[in-house]
Amino acid sequence: MTNIRKSHPLMKIVNHSLIDLPAPSNISAWWNFGSLLGLCLGIQIITGLFLAMHYTSDTLTAFSSVTHICRDVNYGWIIRYLHANGASMFFICLFLHVGRGIYYGSYTYSETWNIGILLLFAVMATAFMGYVLPWGQMSFWGATVITNLLSAIPYIGTDLVQWIWGGFSVDKATLTRFFAFHFILPFIIAALVMVHLLFLHETGSNNPTGIISDADKIPFHPYYTIKDALGFLLLTALLLTLVLFSPDLLGDPDNYTPANPLNTPPHIKPEWYFLFAYAILRSIPNKLGGVLALVLSIAILAVMPLLHTSKQRSMMFRPISQCLFWVLVADLLTLTWIGGQPVEHPFIIIGQLASFLYFSLILILMPTCSLIENKLLKW
């Protein structure tokens with residue numbers, strides 16, 4: 001008799017994805033972030049569901065409903081902080097996951113990579129709308145500033161912004177629709193994750209060497225299930241440490257002040273994980289140019305498979321490319337720092353140089369460097 005996990009229609013899918021899946025024998029801890037992202041999504045959906053049971057999406061009661069969750073609901077405070085800090089963990093894992101893809105050349109699986117970029121956009125949209133829901137000062141002004149950027153689109157811009165707002169300013173209609181979208185998007189993300197995995201399992205995983213590993217595969221279970229379980233344990237420990245010891249470390253104090261359309265905060269800035277893109281947006285003096293740069297800062301990832309000029313897939317044996325990769329990492333950290341600073345000298349010029357370097361590295365320096373390394377192979 002055939003084993004039920006190999007014959008049952010539903011169990012068969014799970015078996016081929018998580019148990020009998022042939023995996024490269026040498027994938028490192030950098031390959032753990034895919035499963036960690038799945039864990040983050042699960043945590044966000046569960047905590048978000050419980051928060052939605054007590055939250056009211058009305059401008060008059062939204063702020064006090066969040067206060068009510070923290071003060072009166074059983075363990076409401078931990079659910080709220082798990083959700084808020086879970087988003088930070090989500091983005092840490094996302095950035096590391098994308099960084100791994102760039103370093104080891106995983107972007108050459110272009111379908112998987114492109115679905116990943118769509119996922120990144122979807123998660124960023126979800127996080128932005130979620131930040132608006134508590135209806136604090138930074139929620140309101142963040143929503144006003146970011147949605148206002150769409151007015152830079154020629155001809156239809158102003159109408160588009162008012163259509164999104166549902167009126168002539170960010171108000172009750174905006175909050176209600178943002179709540180609706182914030183609730184539905186994680187389920188769309190979950191569906192996209194399935195497509196992402198479908199395409200990944202068509203080709204199989206890449207590995208640190210970038211060399212085809214068909215000759216040396218091991219079953220996913222027990223080797224990588226145990227490895228993922230360790231990752232889960234470490235991520236959960238880190239998240240709980242953050243939630244239980246310094247839950248407001250990554251938040252903005254302004255968001256503990258109820259939204260007031262008549263009082264603008266001195267420094268409007270998004271959550272830390274958007275600061276790099278915000279710095280790129282601010283580095284361009286023109287409004288439309290800034291919006292384009294903002295979108296391109298993520299969309300530029302889509303051209304990476306086209307700009308892969310190296311004869312080797314991974315950067316493991318390419319020291320010059322490795323240097324440029326770490327310059328890119330340092331540049332993104334610089335942009336993140338600049339995004340949180342006021343718009344004044346010397347931060348303006350640092351932001352402009354860092355933005356220029358970001359696009360130059362991806363579009364010009366890294367592909368050129370790969371060509372030089374190809375020449376060095378022949379020496």
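Glycine too: its Cβ is placed from the backbone N, Cα and C atoms.
As given in Swiss-Prot:
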type	residues	note
BINDING	His83, His182	heme b b562 binding site
BINDING	His97, His196	heme b b566 binding site
BINDING	His201	ubiquinone binding site
TRANSMEM	33-53	transmembrane segment
TRANSMEM	77-98	transmembrane segment
TRANSMEM	113-133	transmembrane segment
TRANSMEM	178-198	transmembrane segment
TRANSMEM	226-246	transmembrane segment
TRANSMEM	288-308	transmembrane segment
TRANSMEM	320-340	transmembrane segment
TRANSMEM	347-367	transmembrane segment
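The two recorded residues, His83 (heme b b562 binding site) and His196 (heme b b566 binding site), show a Cα separation of 24 Å. Remote same-chain residues near the transmembrane segment (113-133) are listed as 55, 57, 62, 66, 87, 90-91, 94, 98, 101, 106-107, 139-140, 142-143, 146, 174-175, 178-179, 181-182, 185-186, 188-189, 192-193, 195-196, 199, 270-271, 273-274, 298-299, 301-302, 304-305 (criterion: CB distance under 8 Å, separation of at least six residues from the stretch ends).
Residue with the densest Cβ environment among the binding-site residues His196, His201: His196, by other Cβ atoms within 10 Å.
Through the fold, the transmembrane segment (226-246) approaches residues 29, 32-33, 35-36, 39-40, 43, 78, 81-82, 85-86, 88-89, 93 of its own chain, all at least 6 residues removed from its boundaries and within a Cβ separation under 8 Å.
Sequence-distant contacts of the transmembrane segment (288-308) (same chain, six or more residues past either end, CB-CB distance under 8 Å): 98, 102, 105, 107-108, 110, 113-114, 117, 120-121, 124, 149-150, 152-154, 276-278, 280-282, 355, 358-359, 362-363, 366-367, 370. In this structure, the CA atom of His201 (ubiquinone binding site) is 17 Å away from the CA atom of His97 (heme b b566 binding site).
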